[in-house]
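Beneath this line is the structure, given in structure tokens, with notes to follow.
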Amino acid sequence: MSKVFVIILVALMVAISIASAHRPPPNPRCLPGHSKCKYEPKKNSCCLGFQCTERNQCELVYPGHHGKPCGKDNLLGCILPPPTFKPRPCGKYNLKGCKPIRPRPHPHH
């Protein structure tokens, strides 16, 4: 029983190594910090999953749950804070889905 399992495992590893050897080399624009790009707001000259920052470099974007808040440096591939969640203070990086916080009256001593 265990010998069959080992043979299947080895066959899988060999198949994976052959498949990965035929993959084309990664696009230099897909490597964070290595590729130069022209920064243009709302445009993306980098490959999918990357974005061009103001430093004219392609930076990795984390999609979905791990997305960075939207802001000056992150127009593409960013997530807006959900408005149903805790209200967050308005700021440079949080223009949508935020609520202005009213100053609380301090109790007098």
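Placed from the backbone N, Cα and C atoms, the Cβ positions cover glycine too.
Taken from Swiss-Prot, the feature signal peptide covers 1-21, and the record attributes it to experimental evidence. Summarising the annotation, Swiss-Prot assigns disulfide bond to C30-C47, C37-C52, C46-C58, C70-C90, C78-C98.
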*Considering the disulfide-bonded residues C47, C58, which residue's Cβ sits among the greatest number of other Cβ atoms within 10 Å?*
C58
*Let me know how many other Cβ atoms fall within 10 Å of the Cβ of C52 (disulfide bond).*
23
